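Here is what TrEMBL says about this protein:
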SIGNAL    1-22  signal peptide
DOMAIN    26-330  domain 'Plant heme peroxidase family profile'
DISULFID  CYS36-CYS116  disulfide bond
SITE      ARG63  site 'Transition state stabilizer'
DISULFID  CYS69-CYS74  disulfide bond
DISULFID  CYS122-CYS326  disulfide bond
BINDING   PRO164  substrate binding site
BINDING   THR195, ASP247, THR250, ASP255  Ca(2+) 2 binding site
DISULFID  CYS201-CYS234  disulfide bond
Amino acid sequence: MKNKKIFLIIVVLVLHGREILSDDGVLFLDYYKHKCPLAEDIVRRDVEIAVRKDPRMAASLLRLHFHDCFVMGCDASVLLDSFGDMVSEKLAAPNVNSLRGFDVIDKIKYNLEEACPHTVSCADILALAARDAVVLRGGPTWEVWLGRRDSLKASFDGANIFIPLPNSSLETLIANFKEQGLDIGDLVTLSGSHTMGKARCLNFRQRAYEVSDEEYDDKYKRYRTFKRILQSICPERGRDDVVAPLDYVTPARFDNQYFINLVQGNGLLHSDNVLVSEDEQGEIIKKVWGFASDQDLFFTSFVNSIIKMGNIHVLTGIEGEIRKNCRFVDIKGEL
């Protein structure tokens, strides 16, 4: 009975205090309040500078956090360069010539090391930068749970297996998210990240030239008009690196326009469009319509889902390390 009481007290403290339990450890709000009081300000300032210089960088920083968390958890493994026998995740198919923002993270880390040496993890930088990037583009804000530590290795194979591809089927997307402990609601919500940013022709060529059932009976030529636009940007061969906005209506803003586009059949990627075209049960379509008609509902769901994602398999306590340089592990002989 005594042990049960202690357990209940701990649960109450965690729920009503400044801690959150993930599957793998405990994260905290205000984790750096005393260790590095200006940590969040430094991250926010550097992200703002980067996004003002290159608005697309907001989407790139958010994507870095996503691609990090889907491989071994939110541990900054995506930032590691190849070294010795370890092959960087940057070279995996979903990332190579695609992921951006590494130099921005380097700049943030340099400034944090100047202010508070060996204190703020690269994994926490990714989580904070993602939040600040969303806010700077008009999206919601949230409190970031902190205290992650950095991995001692990367997983090239994991990046190739677990990161969803732009040509994925709905079944594959659901399986990818389920592998990370995320459900269909999280899948739809986090797909809304495609409300900003751009994609390469290589990644939307299939979408540009595939013919869906809707297009056979396209009385008002809505789908064909959108396809012609895509085909004018992306030919059937060549120009792989030419880019197009994921949301062609409000490409630089974080809003609910992505879902409006899906309802109209104008998702850029095949993996966007399947949320509607392959949903036989209607559960996902209902969520898409809900977000398309209510931006506040989308924002609330997004905050819940990205916090949930940010807690995937985190390293805490004495696990991993705090890297001095986000591109390399500090502890020798651990590779």
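Here the Cβ of each residue, glycine as well, is placed from N, Cα and C on the backbone.
If you count neighbouring Cβ atoms within 10 Å for each of the binding-site residues THR195, THR250, the highest count belongs to THR195. For the domain 'Plant heme peroxidase family profile' (26-330), the model's pLDDT averages out at 93. The Cβ centroid of THR195, ASP247, THR250, ASP255 marks the Ca(2+) 2 site; residues of that chain outside this set whose Cβ lies within 8 Å of it are MET196, VAL249, PRO251, ARG253, PHE254, ASN256, GLN257, TYR258, given in sequence order. Nearest neighbour of CYS36 (disulfide bond) by Cα distance, taken over the recorded positions CYS69, CYS122, THR195, ASP255, CYS326: CYS122. Comparing Cβ neighbour counts within 10 Å across the disulfide-bonded residues CYS69, CYS116, CYS122, the minimum falls on CYS116. The most densely surrounded of the disulfide-bonded residues CYS36, CYS74, judged by C-beta neighbours within 10 angstroms, is CYS74. Fewest Cβ neighbours within 10 Å among the recorded positions CYS234, ASP247, ASP255, CYS326: that distinction goes to ASP255. It is 24 Å from the Cα atom of CYS201 (disulfide bond) to that of ASP255 (Ca(2+) 2 binding site). Of the recorded residues, ARG63 (site 'Transition state stabilizer') and THR250 (Ca(2+) 2 binding site) place their C-alpha atoms 18 Å from one another.
Within the same chain, the residues at least 6 positions away from PRO164 (substrate binding site) whose Cβ sits under 8 Å from its Cβ are PHE70, PRO94, THR172, LEU173, ASN176, PHE177, SER271, listed in sequence order. Ranked by Cα separation from ASP247 (Ca(2+) 2 binding site), the disulfide-bonded residues CYS69, CYS116, CYS122, CYS234, CYS326 are led by CYS234. For the pair formed by CYS69 (disulfide bond) and THR195 (Ca(2+) 2 binding site), distance between Cα atoms is given as 20 Å, rounded to the nearest Å.
CYS116 (disulfide bond) sits 38 Å from THR250 (Ca(2+) 2 binding site), taking the Cα positions as reference.
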